[in-house]
Amino acid sequence: MASLLHRQLRILPLTFLWTHLFWTKCYSVGDTLGASMLPTINVSGDWIVISKFHSRGRGIIVGDLVSYAHPIDGPDVNVVKRVIGLEGDFVVKDPSDGSGDMLQVPKGHIWTTGDNLPHSLDSRIYGPVPMALVRGKVIAKGLPWGWIKNPFTEEVNQ
Amino acid sequence: MASRTRHYLNSIYSSLKYTASFAVWIPAVILFTDNVYSLERVTGRSMSPNFCPDPTRKDYIIARHWNATKELRRGEVVMFRSPTDPSRQVVKRIIGLEGDLIRTRHPYPQEITVVPRGQLWVEGDEAFHSLDSNTYGPIPIALVTGRVTHIVYPLDRMQRVDDNEGLARRGALVRKREQHGKVGVYGL
């Protein structure tokens, strides 16, 4: 009888621990705010699913949506942007200023911008982002549900 | 014969059950080493003579991950993910906080630079064998994963690691950030 009670009590911390492990190392869900990713993600009320198997930029390719800790505002601010260039790629600094200046993305970094260029603070402002800041890849959004697709490798019908 | 097989299966089952009773607590260990304290190995010459004075031997340190990015001070030894190689973690000393004026060393393009908002200037203690901010520039605070609190092995150098501004490269910090001064974002 005592051991049965013991076993029952063990379930609580174990459930918490395994859920926490799943949340930090496998998948997590979060909400988003802001106009920078229109029309992919809405200004408010959209939920996203983040795959932690791509944390620290593992297996990220150009066109993926990533969530990363903000390089200027600190670790408590997370942003979602699209990957434009990987390390070694040449990217246009700012497509909207018309100058066409290019730069090479340094080793271990990615170049990111929002989908809604006029309303996005991204690599155009703070430069290339270290891949180590990437928390994960955005694989889906909720309400309404939809998989986030890479426009370079998958067919997107919107 | 059958009973012997059953006996074997029973003993395998009970030993598996015994192992599993420990394995279910693995997430607790990961939670602790990710967020509270962890034991780490340091190699390389960049922090000698304070870490790894003998380059052929490795140092073992304790890193504190609790509030790792809160209230960082100059002279503190921190562990962070390398901006150039996300799979590696490196140990360096904080030289400058946001807004500080830094006199840089050779590979850096400008002689004097200001640390941008939300970033740190980090350097190794051994200036000539260190890949640090002089190579890759200031690093975002979000890269910091922990503070180094103790050296635990080798035993003869077992000690606490305190923040020590005096160990920074001489003349590296030109001027501290002015009180209440605004710090800009110096991106591109």
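Note: Cβ is positioned from N, Cα and C throughout, glycine not excepted.
Here is what TrEMBL records for this protein:
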SIGNAL    A:1-28  signal peptide
DOMAIN    A:21-91  domain 'Peptidase S26'
ACT_SITE  A:Ser36  active site
ACT_SITE  A:Lys81  active site
DOMAIN    A:104-139  domain 'Peptidase S26'
### Integer Cα-Cα distance in angstrom, A:Lys81 (active site) to A:Ser36 (active site)
8
### Task
For A:Ser36 (active site), list the number of other Cβ atoms lying within 10 Å of its Cβ atom.
23
### Query
In which DSSP state, out of helix, strand and coil, do we find A:Lys81 (active site)?
strand
### Averaged pLDDT, computed only over the residues in the domain 'Peptidase S26' (A:104-139)
93
### Message
When secondary structure is assigned with DSSP, how many helix, strand and coil residues does the domain 'Peptidase S26' (A:21-91) contain?
### Response
11 helix, 35 strand, 25 coil
### Query
DSSP helix, strand and coil counts for the domain 'Peptidase S26' (A:104-139)?
10 helix, 14 strand, 12 coil
### Summary
The number of other Cβ atoms within 10 Å of the Cβ of A:Lys81 (active site), counted over all protein chains shown, is 23
